[in-house]
Amino acid sequence: MSASRRSTSLSDSSAEIERMESTGSWDDALDWFKLEVQHPASRSVSHHANYKCLLEAERVVVEGYGVVLINTDEAGTLIVTNFRLIFLSEGTENIIALGTIPLATIEKFSKMVVKSQSAPRQSEKTPSQRLLQVIGRDMRIIVFGFRPKTKQRRAIYDGLLRCTKPSRPWDLYAFNCGPSKFTNANPKVRLLNECFRLLGKGFCSASIDMIDKGSYTLSNELWRISNVNSDYIMSPSYPFALIVPKSISDEEVVHASSFRSKGRLPVVSWCHPGTGAVLARSSQPLVGLMMNMRSNTDEKLVAALCSQLGGDKKGRRKLYIADARPRKNALANVAMGGGSESPSHYFQSEVVFFGIDNIHAMRESLSRLRDYLDTHGSTSSDGTLSLLRHGGWTWGGGNLSSMSASVATLGDSGWLIHVQSVLAGSAWIAARVALESASVLVHCSDGWDRTSQLISLANLLLDPYYRTFTGFQALIEKDWLAFGHPFEERMGMPTVSGCSDKPLDLSRQSSVGSFPSSPMRQSSGSFAPQAPSSSHAQNQYSPIFLQWIDCVSQLLRMYPFAFEFSSAFLVDLLDCVLSCRFGNFFCNSEKERQLVGVSESCGCLWAYLADLRSSEGRSHVHYNLFYSPLKHKGPLLPPAAALAPTLWPQFHLRWACPSEAQAGELEAQCRNMSLKFSELQKAKEGAEKKAKETTNAMESLSAELQNEKRLSSSAMALAKRASKESAAIKRAIQSLGCKVHFAGGGDTTVDIETNPMGITQESVFSHSKRESDGIVQHQYNSDLSISISAVADDVVSNNPLDRVCGAICPSRARDGGCRWPEAGCAQLCSQFIGVKANYDAIDSLSIYETYFDTREEGK
């Protein structure tokens, strides 16, 4: 795609625009001249605005200004990117959802011309309206109107042709965007883990190394995992790992595959963990033109599906062969070598035909339903206000309601009849397995369309695991992707697996037959077709997967407590699949996706949806508010009377009648209550967190307070002890004939009264305590100095003054006991108090002669 082509001229801005004066058409609502003045068409698309709405790796290819969305009469800018067709509102540049559609979701688009009804004298002056109709696979029909005498429509149309039909697969947006943060783990690992779960080996975990070595062939008493198709030679459309009866060898498996169409032999899709009954799938048998062809190996394989009944029941279990086709269709396939089984050839079996129509009938039915809704909806593509938009009656006298729109009121579309057929067949299969412990083999022609619908829906009814997010993903990856539903053909996706020159299945059909006639169209002229229609046989597009999701939504409506996911999740899942934004549903088989390297080159849809849910938790719209796993722990077996489907409003009506597409009033109220509850829960958690922090802070402060109390108690004890010691010292000094006065300021006054000269000396001294050596010194202002020291009793001194306490203590009794047990010296365990006097200063006091008579010592 060259840069010159991307710079296609959109219009000639110098062209004169005539004022349209016609009546009775869209021109009444449009002022083309004003649009031209406000948004002059650019000559080149090389200077694109930096739109905020673009996704990662999304680039603008062409733009058109002053375009009108006919459905809603809104003017704005139409942009073609490598991923979407985007319609932005005028001025605000907000995305208009109805006019914005992924390119891969477009089923067909075409240019149309309609002549407006004008006055007789101005019939030659009135130009034709240039329109572009886009029909989507998501139930919408949108029409864009372009300004006259410009080339914008041609530029947009050419841009759509280039982007919807790229020359190389790698030009697709999914490959340009890459895995990004939505990386895709190997889907083969997930498939193998599901096989382990079905065999009761859920404790085993699959790995790439296990797959490479082929060491995944585990088994239980009845079934085993075979790697016979690991190279996809036996059956290119089957997965690499197959669950088969344990009694059947790989050689017999290969031999049996030759008797089935496309090599799709009978294999196990689901096995009951209690009874041993299984759901098996295959394609039609090749019985030949005379219907006399048989295969002993195939009959042995089918018989092995009917293991012995356990418990009180004896004998072999019954086998039902469920043919999804009408009986006449099965007989018609005999001409091509196909057909159906004969009950006489398969032991204890019964063949049942479900009568579900083929892919072409489903495609035409959905197309009729889409046209019907477009005609009667509130945003009709013909630009007129329908009866519903006028507030009048429609469909039996009431406003459009999905719950009251029965099968009969939807014209001849037949869509709900087809949905009912699939639901009834799946419910019948589930009932046979759950109630009779019978095994069921399901097939259609090739075993990848109606078979996938029936077998996966029966799985959903029987196993509660598949009604969770994780299980629903495993179910789709097993019975749709791994077993080869051709998504590339059925969804009309761009070709990835084939050659680059292979034409796409995207049809550019005229919409002549798609528009129901309306009063305005009848008076406005005819539409000119721009492309030939494709043949019925070559068009392989069919909404098979969409129809199955519709069936799931019907079950969700019938059993609102049984599913973890909501209807909004199913809508988003379908939108992601149709948009081709991710690579999970590319190609037609597991083999093709592996050859292309889709999982390594593209993002993962499941990772994207999981990321959406994680942003809001359980309050996200994807979660079903009513889900109660304990309420439906077993199989769901809906009665036949309950299988009356209705329109799926969130999908079918979201474009034609948006007001009806909203969730029910009860669900909306519950969701609002859930949001409020979530907010209150967060507030509660925040309050609890603050309360916990406050409690921790209080505990810390309490611990500090207790520590302060201990320190205070210790200080008080020390103060009391010091007071007692001071009192003891005072009494000891007073016993020497001195008077001691302790002042509050720390000063001590000592009066010595034993002065023979009658001289009273008063000394004032201050004390200081040295904690390093435990000595308290008193410095006298006079020549008299007294030193009081505390000496431990284990210290022996040779100084005779150290023993004075025992000799002069007046409180010592004759027996040597202390009369003053509360004294500080007694409490210090025989600590001595020595008094050292300065003899030069107190010689006149004759203290030494009086108390320390050396003559007595000499004696």
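For all residues, glycine too, the Cβ spot is worked out from N, Cα and C.
The annotation active site, phosphocysteine intermediate is assigned in TrEMBL to CYS444. As annotated by TrEMBL, substrate binding site applies to ASN358, ILE359, CYS444, SER445, ASP446, GLY447, TRP448, ASP449, ARG450. Residues or ranges marked as domain 'Myotubularin phosphatase' by TrEMBL: 200-652. Feature annotation from TrEMBL assigns region 'Disordered' to 509-534.
Shown here: features listed in TrEMBL, placed on the structure.
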| residue | record | Cβ within 10 Å |
| --- | --- | --- |
| ASN358 | substrate binding site | 16 |
| CYS444 | active site, phosphocysteine intermediate | 27 |
| ASP446 | substrate binding site | 20 |
| TRP448 | substrate binding site | 25 |
| ARG450 | substrate binding site | 29 |
Averaged over the domain 'Myotubularin phosphatase' (200-652), the pLDDT of the predicted model comes to 83
Sorry to bug you, but what's the C-alpha spacing from CYS444 (active site, phosphocysteine intermediate) to ARG450 (substrate binding site), rounded to the closest Å?
6
Could you measure the widest C-alpha to C-alpha distance across ASN358, ILE359, CYS444, SER445, ASP446, GLY447, TRP448, ASP449, ARG450, the residues recorded as binding substrate, and give it to a whole number of angstrom?
13
CYS444 (active site, phosphocysteine intermediate) and ASN358 (substrate binding site), compared by Cα position, are separated in whole Å by 9
Taking the recorded substrate site as ASN358, ILE359, CYS444, SER445, ASP446, GLY447, TRP448, ASP449, ARG450, identify the other residues of that chain whose CB atom sits within 8 Å of the mean position of the site's CB atoms, giving them in sequence order.
ALA324, ARG325, THR451
